[in-house]
């Protein structure tokens with residue numbers, strides 16, 4: 001027994017001496033895990049899991065007979081654009097829409113809304129109508145949405161016109177078993193959010209809106225159409241599927257649209273701003289590029305289409321955005337037939353989409369990585385932070401009270417929380433005064449710390465970071481993974497840069513400055529000011545908050561703990577030497 005005890009003690013002692021190596025190996029494995037995902041062995045070809053969808057199995061009839069209707073709708077939208085630019089009046093188009101659909105026998109309503117965000121007052125309207133299903137009892141519905149302007153501020157000329165013509169085409173349909181809810185919204189963010197709040201009778205703290213005078217059934221799925229052009233032709237479609245806080249629709253919805261587009265109408269599909277020819281199968285590097293684009297998009301969780309606002313209501317939705325190029329040309333009526341065939345598939349559903357994945361990363365329109373294959377990457381990185389926290393814990397000064405250190409750690413989170421509240425509520429001089437005051441409080445607090453307390457704060461911070469990253473990975477994998485990559489250099493600094501504070505500071509500056517992180521996440525070809533203003537509006541009106549909370553309550557405290565550890569430590573022995 002004594003020999004067995006000695007073996008256990010030696011193994012444990014070896015484990016303690018190798019903690020730094022173990023945490024780095026775990027981090028490296030998590031980082032490299034991403035690079036095997038594009039391989040065929042770790043990804044799966046898309047398939048339809050819900051048999052009731054039957055994509056592409058029906059004949060479509062939207063075509064020549066609707067040519068004049070489409071042209072008339074395009075001219076009408078063009079008149080609205082001209083009138084709005086000269087009279088600065090956005091209400092006139094909704095009045096005319098109401099007159100058109102009332103004449104067709106549809107119930108109509110113009111919903112007014114007002115939102116306050118970041119000191120701005122956003123006022124606008126939604127046009128709303130519904131088509132009762134001849135074969136249904138109004139308990140289920142499908143939403144068709146055409147924002148007047150897309151997320152980039154371009155007028156959705158072709159999308160609005162085509163959906164008006166499409167609703168006219170559906171007027172005489174006898175095949176529907178689900179109601180069709182049709183909405184023309186002012187924009188894809190605040191306006192759609194106001195409509196969804198009203199449709200589900202959920203009050204909003206930041207948006208005032210008119211209640212809806214009539215309702216259809218539970219919305220099972222939604223399609224948003226964007227085509228910011230007045231052309232009668234297009235070259236392909238881009239599918240936008242990332243939602244608020246990185247939420248995703250059921251994969252079957254994406255697969256249905258892709259299969260109909262590629263195999264029924266020969267329409268090329270673009271995802272993550274990357275063009276794919278019909279039947280194209282990429283090699284390793286293009287797949288990796290698409291994977292990284294998907295992760296960046298999911299991490300930012302910025303609203304790129306009206307579909308994003310509907311996902312939190314358990315409505316599977318995507319935005320179909322048509323585009324033009326010089327390589328391929330299709331008549332706009334083909335896009336209408338794509339909508340018709342997709343609607344026929346959704347009309348077959350007997351329940352919510354649930355057979356396929358809700359958590360995935362797309363490599364191609366026809367290939368994806370499931371959660372079981374990509375989740376270990378984030379969990380391995382989270383485990384490395386937990387090991388780091390244990391390392392700091394085992395090398396602490398046992399003569400110091402752990403509760404005092406815990407109190408100092410809580411002070412850091414109070415300062416981070418107050419910083420978040422100031423950044424959200426104040427602006428101008430008040431904001432800078434508040435941030436300056438909080439920075440002063442932090443440095444006063446840091447100067448009063450003992451070296452042992454700073455050591456313990458780093459331990460608590462790493463343990464909390466590991467736990468938080470593991471939890472976030474199940475909600476937004478990309479955010480957890482990329483935050484783990486960013487914070488890792490900070491723990492390396494505190495664990496190993498003990499001989500030279502100058503070297504430590506030179507290493508820490510690129511990762512410890514919040515502004516560096518904020519500007520690093522700005523997408524290419526995007527102005528930083530407009531990007532952050534857009535994120536702030538989405539935070540206020542749509543509760544798009546994972547990235548904000550992660551920055552203020554996870555990244556910022558890690559930066560603060562690193563600064564405290566470096567400022568209160570001159571020369572510290574390595575953990576390996578201490579254990580010896």
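Glycine is treated like the rest: Cβ placed from N, Cα and C.
Among the features that TrEMBL reports, transmembrane segment is placed at 20-39, 371-390, 402-423, 429-445, 504-526, 546-563.
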Residue numbers, six or more beyond the limits of the transmembrane segment (371-390), whose CB comes under 8 Å of its CB atoms
19, 22-24, 26-27, 29-31, 33-34, 37, 42-43, 357, 359-361, 459-467, 469-470, 472-474, 477, 480-481, 484-485, 487-488, 491, 495
Among 20-39, 402-423, 429-445, the most Cβ pairs under 8 Å with the transmembrane segment (546-563) come from 402-423
Same-chain residue ranges lying at least 6 outside the transmembrane segment (20-39) that approach it to Cβ under 8 Å:
284, 287-288, 291, 361, 363, 369, 373-374, 376-381, 383-385, 387-388, 391, 481, 484-485, 488, 491-492, 495-496, 574-576
